Amino acid sequence: MDITIHNPLIRRPLFSWLAPSRIFDQIFGEHLQESELLPASPSLSPFLMRSPIFRMPSWLETGLSEMRLEKDKFSVNLDVKHFSPEELKVKVLGDMVEIHGKHEERQDEHGFIAREFNRKYRIPADVDPLTITSSLSLDGVLTVSAPRKQSDVPERSIPITREEKPAIAGAQRK
């Protein structure tokens with residue numbers, strides 16, 4: 001059974017994409033778009049112009065995290081394209097893998113920026129923490145992965161027996 005855990009934003013209703021509902025939903029660290037600096041067009045509401053749905057292409061390509069639990073492998077993919085390998089640390093703390101990235105203030109095309117993040121992921125019980133590896137792709141995606149231990153217990157059917165007494169005291173059989 002493969003399990004993919006995506007960014008929680010994807011599971012939000014469509015209407016909630018139209019405007020940030022909380023301060024944490026706002027897009028910090030992103031530059032303003034030209035449309036946000038100009039007066040609103042009468043045909044388009046300023047509410048819609050500032051909505052994340054109009055910013056989706058640039059927004060969805062930065063900072064995404066995906067955890068996958070496949071039949072034979074556990075993996076985490078994290079967009080860290082704004083960090084060099086020297087600015088990243090991956091470590092195991094008990095049953096968690098922690099990824100930390102930090103770079104000091106530096107100038108970019110929009111001014112000065114400093115970034116820092118810290119992510120923790122629970123290591124599945126069937127993964128040996130000593131087998132965890134990490135790699136950074138050319139396009140800035142950090143992959144942390146490990147093989148899953150294969151179960152030695154073979155699959156078997158378990159028969160169902162019928163009891164003559166109710167599971168809940170006082171319940172009557174209908």
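From the backbone N, Cα and C atoms, a Cβ is placed for every residue, glycine too.
Quick caveat, the model's predicted, so the values are computed rather than measured.
The annotation N-acetylmethionine is assigned in Swiss-Prot to Met1.
DSSP assignment over the domain 'sHSP' (55-163) gives 12 helix, 56 strand, 41 coil. Under the heading domain 'sHSP', Swiss-Prot lists 55-163, citing sequence analysis as support.
Annotated Zn(2+) 2 binding site per Swiss-Prot: His103, Glu105, in sequence order, evidence recorded as similarity to another entry. Sequence-distant neighbours of Glu105 (Zn(2+) 2 binding site) (same chain, six or more apart, CB under 8 Å from its CB) are Phe112, Ile113, Ala114, listed in sequence order.
The list of residues near the region 'Disordered' (148-174) in space but at least 6 beyond its ends in sequence, with Cβ under 8 angstroms from a Cβ of it, reads 69-74, 124, 126-128. The region 'Disordered' feature in Swiss-Prot is assigned to 148-174.
Residues or ranges marked as compositional bias 'Basic and acidic residues' in Swiss-Prot: 149-166.
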